[in-house]
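Annotated in TrEMBL:
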- B:14: active site, proton acceptor (ACT_SITE)
- B:44: active site, proton donor (ACT_SITE)
- B:14: Mg(2+) binding site (BINDING)
- B:220, B:235: IMP binding site (BINDING)
- B:323, B:324, B:325, B:387, B:388, B:389: GTP binding site (BINDING)
């Protein structure tokens, strides 16, 4: 029992919270780490798995990988503070009942200490721990190219998920960045960073096609990153991913954008309803999300519930997910 | 066998839960303290071996041990203003990262300056031992209004302002104008809280429990429980093991149940206290006369009341007895009521019980030299921890945790 020993003055409290800078959410990176955390190191990883369980009988895999190189500026820090809300957003309105979320980071395999970092698919807030362990590379190439192709190779060949294996339903992959990919997945980099005995380079278009058989792939370009205004960027990704390129003018809205994109694709909601939900949550992100997703919404077509037959390149099909 | 432990006070509070939780965390293997009832009115005093002192209200009493995290579950009422002041004091005594080690369930109710002002306005009329912190108001408002402010709202400024506005209006309608900060200021402070503390959703606590065993730290005491306490001298909170066990069951986990008591009895404020003995008054460095709560009272051991507490909370696996350096000389084995005291079905029945207790007289026998042994025999529950002072170094564990009869309640 007590007697209200701590001050409840509203001004003191506000000042105190403002003054408390606290440990960075990127505690691992800011603690002076210079190498990929062992939990996120892709080397030697056979598969990262998203599996059904008693608790989550119909799991749905959702991966978010973001660029952590210098050209992204403070974007990774903003993402890190926003992404933990993603699970709650997806589940609250029933867009997805049992999401399992993986976070990862993309760097530049030609010169970075952390060219690829990949956590686990998690259905609870342990994914936050993965976020906290991501090494913020900074640096980067300066040639408007990062090793997205390596990350996409990993996601295509080194992930496994029950939503696809058991129900023929693809997962979702969101890449967030401001640069182009290299034209080939280099065998040498695969062997060095992921491990294995890959003998031939893989053309980028081939790995994209392979990846799209497993995932609905989206590329989010945040405003404010170094190259985000460069048209070559959007053009490059549109060539690969069609309409699944999202320009986002308010990074604070990243969670809402991802959640609504999934909600739309799952046919759980339409854009108007989704924007209503955002207002209901008290989110001010509605207008940004609306601008970001309007192109997707207007091209919305049939919702595929089964994976593409093997060998059929989804880029060539009329069946879109949105 | 699970290693989680629930720490609950079997009396009227003030038995030393804080010091027990501190000891458990200092010894390991606990890396997490989960709060599962009450709110900022808790005052769990912990003194470190090097003499630092903190009164834990919302942070877990294990916070002096580096790395130990606190989770405020959805059964907690969170007061972001008091939390800031508490974090500041912890920083002043060398714990600078308390807020970094805090998570708050988004469904936890918020205690606001409006609740607090309403509490004080009402309590000048009706005194029943409230702490003046707005805890009862917080619980009461949430019962009648389904838009009571919750921790998760702090991330949604518009909704938070709307909910605070409605709360303030309703209380003003009921009680007239109160002296309170305006909604914008309050919302700004709560928003800053959300920017600093980590607010979590479903599934977080189960994950935390999978990562390692936790101490569930109760607040107040079983004899103040909202249903089983002596009405109306109770708290608006379930003070038994129930809340913790609900959270554990959701996580598919279980825990040992540890009941804490002093080697004498205490009570803050008015209400029945059959074994009250002002002559027993001991120096209380950390428990003072509260402006809203009333006097700090002491009394002889009361096996009747403690057995009642054990009965209504479903029993304990073990006891922790504090203040064994100055045990009560007498223990009450029976009242002159001619009947067993037993929980009633409803609050009217509990109020009748209260009336009977107010006129009950104790029948004493001597405690003897072995106070812990006397308590163990009187309550039929083994003593697992003996404490003779405020610091962790003043405590002795009895090897009860490995006794075979102890596992009867533990969940495999």
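Placement of Cβ uses the backbone N, Cα and C atoms for every residue, glycine included.
Feature map: TrEMBL annotations on the structure.
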{"residue": "B:44", "record": "active site, proton donor", "Cβ contacts under 8 Å, 6 or more apart": "B:17, B:18, B:19, B:21, B:55, B:56, B:57, B:61, B:217, B:219"}
{"residue": "B:220", "record": "IMP binding site", "Cβ contacts under 8 Å, 6 or more apart": "B:9, B:12, B:13, B:37, B:38, B:42, B:235, B:237, B:239"}
{"residue": "B:324", "record": "GTP binding site", "Cβ contacts under 8 Å, 6 or more apart": "B:263, B:371, B:372, B:386, B:387, B:388"}
{"residue": "B:325", "record": "GTP binding site", "Cβ contacts under 8 Å, 6 or more apart": "B:388, B:389, B:394"}
Nearest-integer angstrom distance between the alpha carbons (Cα) of residue B:323 (GTP binding site) and the residue listed as 'active site, proton acceptor': 11
For the residue listed as 'active site, proton donor', the three-state class that DSSP assigns: strand
Residues from B:220, B:323, B:325, B:388, B:389 facing chain A - binding-site residues, CB under 8 A: B:220
Which of B:14, B:389, all recorded positions, has a Cβ with the fewest other Cβ atoms inside 10 Å: B:389
Assigned conformation of residue B:235 (IMP binding site) - DSSP reduced to three states: coil
Cβ neighbour count (within 10 Å, all chains shown) around residue B:388 (GTP binding site): 17
Non-site residues, in chain order, whose CB comes within 8 A of the mean position of the CB atoms of B:323, B:324, B:325, B:387, B:388, B:389 at GTP: B:263, B:322, B:326, B:386, B:394
Mapped DSSP class for residue B:387 (GTP binding site), helix or strand or coil: strand
